[in-house]
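K.L.:
For 208, 209, 210, 211, 212, 213, 214, 215, the entry in TrEMBL reads ATP binding site. TrEMBL lists 108-389 with the feature domain 'Myosin motor'. Taken from TrEMBL, the feature region 'Disordered' applies to 1-47.
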């Protein structure tokens, strides 16, 4: 989970008085490189009876304990609160950092981490964990919005009714920890109604590790800004939002960590115009870079080609029509040279309905025309001459 600290090697030794012997804490399964604790403050400043956070070699990363003694070398003996019945105690060397525990431990519920009394790593992680357990995925840290991917659907978080609440009462929601709030502040900044960079272009940087939710967050920001600057007529809003399925089809793939991983970077510019107090969305520009082209011909075991490859093959399998040289069924895909044998079906990302959606003949969707130019026939889902993806 995101809140766990990985690749760290504990410097602590545990002592169980019930067993009357020392033991080493169980090593976590993730293992990894050696980890050294940060420099410690003076251990002598920690009094016996104090409650502190101590680093541990488990998934929790930090645990709360009570200092029950300090020896002549300034090493502390700490009894872990989570192991009171077992009376598990750890010896904390003087060069290992510990942190004070707030008196409001377990009751702290803040929207902004900067308002915490003790601003250190375990306190921040504890608040994020508590909020995550309550399905509160967003937390502010000053001007930065932190998001923890829940990997599940949460009702009411992104529905149209939620967008409408932000738009109808912006002053009440503008400081709420939510991706819509960040987008709202950017929009108001363009309109000159924000205290930050009034009346000028705004930038939103979305960053995180693979699987953190960057792709979905980008789509949510675009969705909200499109609603803020909804044009009175025309298809510009739809065109902007419908660019996402196309980009994901040709630029996203299934990896070991993420079923819908973006294998390229993108810079999206939404263009607004109109009256200063209410700007309208007029267009968009998307720049892509660093596309992982090697994935077309080679993928590591357990990973896949770009979604579009499987979408086309799935569409061909449904139509059951073939042309010499074209793959049309999953067995052929699995046995094809250069394609790793694995389960192809990935609902919602690579089935035939995705390809049918991309190739709809509407004012917004133009992919079918592009495929016709390249030798594909949309209704037959085959290629002539054979095309290698």
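In case you wondered, yes, glycine gets a Cβ from its N, Cα and C as well.
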K.L.:
Count the other Cβ atoms sitting within 10 Å of the Cβ of residue 208 (ATP binding site), across every protein chain shown.
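P.N.:
The Cβ of residue 208 (ATP binding site) has 14 Cβ neighbours within 10 Å.
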K.L.:
Within the domain 'Myosin motor' (108-389) only, compute the mean pLDDT.
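P.N.:
Value for the domain 'Myosin motor' (108-389), mean pLDDT as a whole number: 79.
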K.L.:
State the count of C-beta atoms found within 10 angstroms of the C-beta of residue 215 (ATP binding site), not counting that atom itself.
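P.N.:
Counting Cβ neighbours of residue 215 (ATP binding site) within 10 Å gives 20.
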K.L.:
Let me know the DSSP-derived helix, strand or coil state of residue 214 (ATP binding site), please.
P.N.:
helix
K.L.:
So for residue 209 (ATP binding site), how many other CB atoms are inside 10 Å of its CB?
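P.N.:
Looking across every protein chain shown, the total is 11.
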K.L.:
Please list, in sequence order, every residue of the chain apart from 208, 209, 210, 211, 212, 213, 214, 215 whose Cβ lies within 8 Å of the Cβ centroid of the ATP site.
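P.N.:
Leaving out the recorded residues gives 149, 258.
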K.L.:
Identify which of the binding-site residues 211, 213 has its Cβ surrounded by the largest number of other Cβ atoms within 10 Å, counting every protein chain shown.
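P.N.:
Output for this query is 213.
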K.L.:
Which residues in the same chain, at least 6 apart in sequence, have a Cβ under 8 Å from the Cβ of residue 214 (ATP binding site)?
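P.N.:
In sequence order, the residues whose Cβ lies under 8 Å from that of residue 214 (ATP binding site) (at least 6 apart) are 206, 207, 208, 262.
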